[in-house]
Amino acid sequence: VLVESLVVFAIVLSVHGVVWDRFSWCALALALQAFYVQFKWDRLLQAGGAVFQFRGAANSGLLPASMVIPLLGIVMKERCRAAGIVYFERFGVVVASTGMLLALFLSVLGVGITKPVPTNTCILTGMAGSIIIYTMKHSLAVSEVIEVLEVLLIFVYLSMILLYLLPRCFTPGEALLVLGGVSFVLNQLIKRSLNVVEGKGDPIDFFLLVAVVGVILLGLFFTVLFIFMDSGTWISSMFFHMMTAVLGLGVIMPWLYRLIQRNPLLWLLQFLFQTQTRLYLLVYWTLLAASACGVVFYQNAKRSSESKKHQASTITRKYFHFIVVATYVPGLIYDRQLLYVAAVLCLAVFIFLEYVRYFRIKPFGQTLRHLLSLFLDERDSGPLILTHIYLLLGMSLPVWLFPRSCAPKGTLSGAGALVPYSGVLAVGVGDTIASVFGSTMGEIKWPGTKKTFEGTMTAIFAQIIAVALILIFDSSVNLNSSYAWILASVSLVSLLEAYTTQIDNLLLPLYLQIMFMA
C-alpha cells in the first residue's frame, strides 16, 4: 500500500509540475487526506465494519481511485485552454471539481463509520474539504456548482442501490471510479436531453451516453423485478426478452432519436457501412470475435476431458489481451470514429450477456455460467463477472475520453498524440507482457507482492517498442521529442501495476492517459 501510494504521489507531482494552477493545491490536499483515510478504510474492510460488503483480497484503493477523475479534469482543462476552446475548458473544471467532491464524500464516509472517530484524520479531511470548497467557490459559476451537486446526489443514491444489490463486486476505490463515472454520464445525458439544440453535438457522443445509461437502467429494472419472481424459468426468460425489446424500442430508441434528430437504426447502419475501410474492419473484427469464442470453447472442452478440476492459467487469460490489441490497433490507425462506436456496441452486448448469465435467462444463461466459470480469478468474488468488461473499458476509455474538440487535426501534440493508445500500451502490451514473462521467467519478486522485477522491466521495454511501432505505422503521431516524459510515464504506470491490488485493466490506462495528456 505504501509503495502504491508513493507511485500515485509521484504521478500527481509529475502532472502538477507541468500543470500548476489553483486546482493543484486542491489535488495535493485531496491526495494527502486520501492517503490517511485509506488506512481507516482498510481497517474497516479487515474487521468487516464497512457499511457494504466489498471485494476481498484487496485494499480499499481510495488514494489511486480518488485522483483519477480530478487529474483527468485538470489535464483536459489545460489542453482545451491551450486550444482556445472555452466550453470544454469549463467542462474540464466541472470534471475536476466533481471528482474531488466524490472522493471527499467517500473519505468523509470512511472517517464517519470508523470507531472511535480518528481525530487527526478528521482534521486533515476537514482542511482538505475547506481548500476544495473554497477553490470551487471562486472557480465555478452557479450553474456549474448545481451540476457538481447533481452528480454527487446521483452517486450517493446509485452507490446505496448497487453496492447493496451487488456485494463483493467492488472495492471502495473501484466503486468510486465506476459509479462516479456512471453518475457523471447519467447527469450529462439528462442535461443534454433537456437542452437539445438541433445540429449541435456529435451523434457518437450521444450514442455512448444513451447506451451506457440504457443498459444500467435495464439491469436495475430486472434486478428489482426478479426479487419477486424466479428468473430461471421459461416464462421469466420470455418476459426478460420481451421487456428488453420494449425498453429498447420504446425508451432507448426514442431517447436517442430526440438527441440526434434522425432514426437511430438508419444512422447506425449508414455509419457502419459508410466506407470500404469500415467494411474491411468490421469483417476483420468479426473474425477476431470468432477466434475469441473459439478459445473459450477449446478451453472448456479441455476442462471436460480432464478428470481433475481445470482452471484457465494466467497465460491463457492473456490470449484475450492479445486479441483485444489486434482489434484496437487497426481501428486506432484507420478509423477511430468506427472504433468508438464499435466499442460502445461491444460494451452494451457484454453487459447484456452478463445479465443473461447472472439471471440464468434461458436458453443461454446456464451455458454462459458454465463457459465463463473457467476464467474466474480472485477478482471475481462477487455475483457478477466483470474482468472482461473492465478489459473492454480499459481499452475503450482513452478513445472515448479523448478531447477531440480540443485537438487540432484530430491529434494532440507531443506525448498527447499517444492518448488513444493508452489502453493498448498499459493493458494490451504492458500488463500482458508483465504477466506472461513474470509468471514464466520471473525470479526476483517486488517486496510484499507476487509480481516480479523481470516482469515489470520487460513490460516497460515492450511498451517502448510498441511506441516505436506506433510512430512507424501511424502517421498522425508526432511526439516532438517528448521521449523522456513517455519513458517516465510508462515506468510509473508499470510500477503501479506491480503494486496495486485494484482492477489494473481499469486503473492503468487512465493514469497513462493522464500522464500523456499532461
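Along the chain as shown, the residues are counted starting at 1.
Any Cβ shown, glycine's included, is placed from N, Cα and C.
As recorded in TrEMBL, the features of this protein are as follows:
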TRANSMEM  7-36  transmembrane segment
TRANSMEM  87-111  transmembrane segment
TRANSMEM  117-136  transmembrane segment
TRANSMEM  148-166  transmembrane segment
TRANSMEM  206-227  transmembrane segment
TRANSMEM  239-257  transmembrane segment
TRANSMEM  319-334  transmembrane segment
TRANSMEM  340-360  transmembrane segment
TRANSMEM  381-401  transmembrane segment
TRANSMEM  421-441  transmembrane segment
TRANSMEM  453-473  transmembrane segment
TRANSMEM  485-512  transmembrane segment
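At the 8 Å Cβ cutoff, the transmembrane segment (340-360) and the transmembrane segment (206-227) share at least 3 close pairs (sequence separation 6 or more) and count as touching.
Among residues of the same chain six or more beyond the transmembrane segment (7-36), those with a C-beta under 8 A of the stretch's C-beta atoms are 62-64, 66-67, 70-71, 74-75, 77-78, 93, 96, 100, 103-104, 107, 120-121, 124-125, 127-128, 131-132, 135, 138-139, 488, 492-493, 495-496, 499, 511, 514-515, 518. Count of Cβ pairs under 8 Å against the transmembrane segment (319-334): among 381-401, 421-441, 485-512, the largest is for 421-441.
Ranked by Cβ pairs under 8 Å to the transmembrane segment (421-441), the stretches 117-136, 206-227, 381-401, 485-512 are led by 485-512. Here the transmembrane segment (148-166) has long-range neighbours at 51-52, 54, 94, 97-98, 101-102, 105, 136, 140, 175, 179-180, 182-184, 186-187, 220, 223, 382-384, meaning same-chain residues at least 6 beyond its ends whose C-beta is under 8 angstroms from one of its own.
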